[in-house]
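What follows is one structure encoded as C-alpha cells, with my remarks underneath.
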C-alpha cells in the first residue's frame, strides 16, 4: 500500500516505501560509493544464501526499482551523502508533541472524538497534568489542531502518519476476524505465571510484551544462519540450532566515509558542518570527544574558548 500525505503545519510528505521482491538479483549502486560488489544469490533450495552481513559486505547496496526506493541504510555512503539516513533537526518539544499525538491516535474513534470540545479539553488537561514543565497549553492547542487536520485524511484513507519516517498505522487495514484469530493464537503466551510476565516499562502493567524483539537480536559471532534454503512456520522449530555461526564483519570492508567538515570560524571557535547542519565547536576534549551546539545559541549564551587540539 502507498500512502502520501502532507502536514499543513510542517509541510512534510510521508510516503510508504515498497521493497523489491527478494528473488531479484541486485547490482552495484555506483562505482564511486565504496560499496563492494558481489552477486546476491537467491536462497532457493541448494543455493547458498548471500545477504549483507552474510556473504556480502554490510554496506552492500541493492538497487531501486522504478520510482520507488528501498529503505535507506546508515551504512551506505550514497544514502548518507544524500541525507536519506537522517531526519531534520527536531526540538525536544516537537518530539513531545509527536508522542502525545501518537498516544491519542491509538485511542478508539480518536478521529471523531477529537472534534468534541469536551473530550479535546480533557486530553489537553491530562497531557499538561502529566508533564507540566514539558507540555504547555499552546503545545496542546497545536496538537489538537493538527490531529483535526489528520482526522479528515484518516476518514478518506483509514491510515495515519504521525512520525516522520514512512511509518503508517491503521485500524482498518486488517479485518476484525484476523484480529480475533491473532488474539486467540497468542493467548497461550499471555497465560503464564505472573512472575514470568514481561510488562512493558512505563505502561503501568497495561502493556504485556509477549515476545519482545529486542531480546532476540542478531549477534555476529554468536547467532546461527542457514547457509541455504528458507525456514517456514511449519518447520521453524525443527530448524532450531541448525546453520552456521554468522561471522563478525570485517571492519576494513565496512569502512564508511566521514561527512563531518570543520572550517575556521574565528581564532577562538570553529564551525562544524554535519549533514547540512551548521554548529559551532566550543570544546575539543581529550579522546577527541566533540561537543557542539547551534551557532545562534552560542552567540547569545556561550563565550568559551576552544582548547588546544595539541592536548588531544
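Cβ from N, Cα, C; glycine included.
Just so you know, TrEMBL annotations never went through curation; they're auto-generated.
According to TrEMBL, the feature domain 'DUF4246' maps to 51-126, 138-267. Feature annotation from TrEMBL assigns region 'Disordered' to 293-312.
Note on the domain 'DUF4246' (138-267): DSSP counts are 41 helix, 16 strand, 73 coil. Confidence annotation: the domain 'DUF4246' (51-126) carries a mean pLDDT of 86 in the model.
Under DSSP, the residues of the domain 'DUF4246' (51-126) split into helix, strand and coil as follows: 32 helix, 7 strand, 37 coil.
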